[in-house]
Structures are given as structure tokens and as C-alpha cells.
Amino acid sequence: MSDGAAARRWGKCGHSCSRESIMVAFKGVWTQAFWKAVSAEFLATLIFVLLGVGSTINWGGSENPLPVDMVLISLCFGLSIATMVQCFGHISGGHINPAVTVAMVCTRKISIAKSVFYIIAQCLGAIIGAGILYLVTPPSVVGGLGVTTVHGNLTAGHGLLVELIITFQLVFTIFASCDSKRTDVTGSIALAIGFSVAIGHLFAINYTGASMNPARSFGPAVIMGNWANHWIYWVGPIMGAVLAGALYEYVFCPDVELKRRLKEAFSKAAQQTKGSYMEVEDNRSQVETEDLILKPGVVHVIDIDRGEEKKGKDSSGEVLSSV
């Protein structure tokens, strides 16, 4: 076959493979159930941001500000998210948080294509929710509209670490509460997640405003045009969420099927490695001493990857989650 023919064949194959990969990635996207789930994420995030951020408005105004009521804010955010999870969890999984969605992708709970639409819906919902709050709030008390900011005595690194920690405890709570392998969970999952959000606020409001949710910070920032240290509220929560999801799913409570597949893979690799060593020893016994002296640079490469790869079960089941 000529080089030109080979190139044309490879081009057709590459184009076909690429198109097929895209179709597989977006499988299930154009369904009614999918768009219901995306709409649920949009509406849930809108309501959550509207109610939660609304609790941060200081009605004393800038001239006579009232003391920050941490308990009020913490309970409002916690109860709001618990309510949204209870309402929309069975429709979309109740992520309501881009950090949670990214953690679900990293633990293979949802597809990348679905996560993209979820995050877009969450961000749009947060913007609309913050916009509605801005419209219904008197200009004299709107203040910063609940934009999350790092305390003046803290560095950006401190703020990043605080957001990582509080999001870690939230997402770990989500994975633990929604674990279908557990039989000891008898209470309300939504309430457990709500308590986790409230705890994070009680601890971190004075540090960073206690975001734990990139969309919650994104909506008010867009409306007010305040982007000071905004990257912290994306990087910190996403890092904490991915770390929590990975530790729970692959270290503390790994799936039985996943453990079995990993055990088989390691066992197969060990057998192949052992066989390659035996082959090297057999070849070495046939080499004459003079060959070793005359050809010191000869290297024998043994292919140990001839075993057929076994496809594992795709664990893409939805997980109830929040914030």
C-alpha cells in the first residue's frame, strides 16, 4: 500500500473513530429525562442561591450595619440545601454544586458530557438567583450581595486551604450518606447533607464566607462585578471535593467489583512478569561467556503485555448528592 493510500485510510479511520467517540460521550444526552435533570439543577441552584445569599443581607444598611448573625446564615444555607436535595434529588441527583459534579465525574458516577451541562445549568441558576435577589432588595441595604471574600488578615493560600477543608467534609458526607452499599443509614440523607453545609458555614464564615460551592460564589460575583480572589472559590472546593470522593470511593469504601477487577489485574501482571523473568533466565543460559565479553551492550526486550485486556463493568449509576 502506498503512503498516500495509507494516509487516506488513516484519515478516514481517525475521523470515524473521533465521531464515534463523541457519540458515545454524548449518549443519553438528547433524552427527556436528561433535560429534566439539567432543568432541575438549574432551578435548585437558583432557589438555593436566592434563599441562602438572601440571609446574608445586612438590613441595617452601610451606615448602621447589624452584627453578622452566623447562626442565621448557617441554618439558612443548610436548611435550603437540605430542602433542595429532598425536592430534586430523585430527578437529577441533587448536585447543586459544580464541585460535587466534578467529584462525581472523577469517581465515574456520571459522564463528562452530562457534567458539562450540569455545571452550566448550575452557574446560570446561580446568576439568575442572585439577580432576582438584587432586584427585590432595596439599594440602601444590598451591600455586597453576599459576595464571598477572604478575610483581610488571611492570605489567598489560607483561604484556599479553608475552602478545601470545608468542601472535603461536605463531599465526604455526601458520598458516605448516599453509599448504596451501606445498610446502616436510616436517617434523612438530605438532612445530613444540610447539617454538613451548616457546620461548614459556622466554621468558615469569618475566614472565607464559607462558599463550598463555586456556583454560590459565581452568581453574586457576576451581578456585582466583584472578582477579588474569585479563583479560590473554584480551585479550593473542586480540590476538596475530588479528594473526598476519591478517598471514599477508592480507599475507605471501594466497590467490591472494582476491588475484584484490580486484584485480577495485579495477579495477571504478576504472572506475566514472572513468566518474563523465566524466559530471560532460559535465554541467559544459552549465551556464551565470550558473547558477554564481546557484546556488553546487547539488551533483550521481552514483551510482557500480551495478555488480553478484560473490560470491566461501567459503574455509571447516579448518586444522590448535593451542594
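Cβ from N, Cα, C; glycine included.
On a predicted model such as this, the values are computed, not experimentally measured, just so you know.
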Check: Per Swiss-Prot, does Q32 fall on the same side of the membrane as M224?
Finding: no
Next item on the list: Report which of T56, T149, T289 appears in Swiss-Prot with the annotation phosphothreonine.
Entry: T289
Next item on the list: Out of S16, S62, S285, report back the residue that Swiss-Prot marks as phosphoserine.
Entry: S285
Note to self: For the candidates S55, S111, S267, I need the one that Swiss-Prot annotates as phosphoserine.
What the structure shows: S111
Next item on the list: Provide the number of Cβ atoms within 10 Å of the Cβ of S111 (phosphoserine), excluding the reference atom itself.
Entry: 19
Item checked: Cβ neighbour count (within 10 Å, all chains shown) around S180 (phosphoserine) -> 10
Notebook entry, point to check: Rounded to a whole number, how many Å is the Cα of S111 (phosphoserine) away from the Cα of N153 (N-linked glycosylation site)?
Noted result: 41
Next item on the list: Check each residue in the chain of N206 (N-linked glycosylation site) that is at least six apart in sequence and keep those whose C-beta is under 8 Å from its C-beta; list them in sequence order.
Entry: M70, H151
Next item on the list: Between the Cα atoms of S180 (phosphoserine) and N153 (N-linked glycosylation site), find the distance and write it as a whole number of Å.
Entry: 43
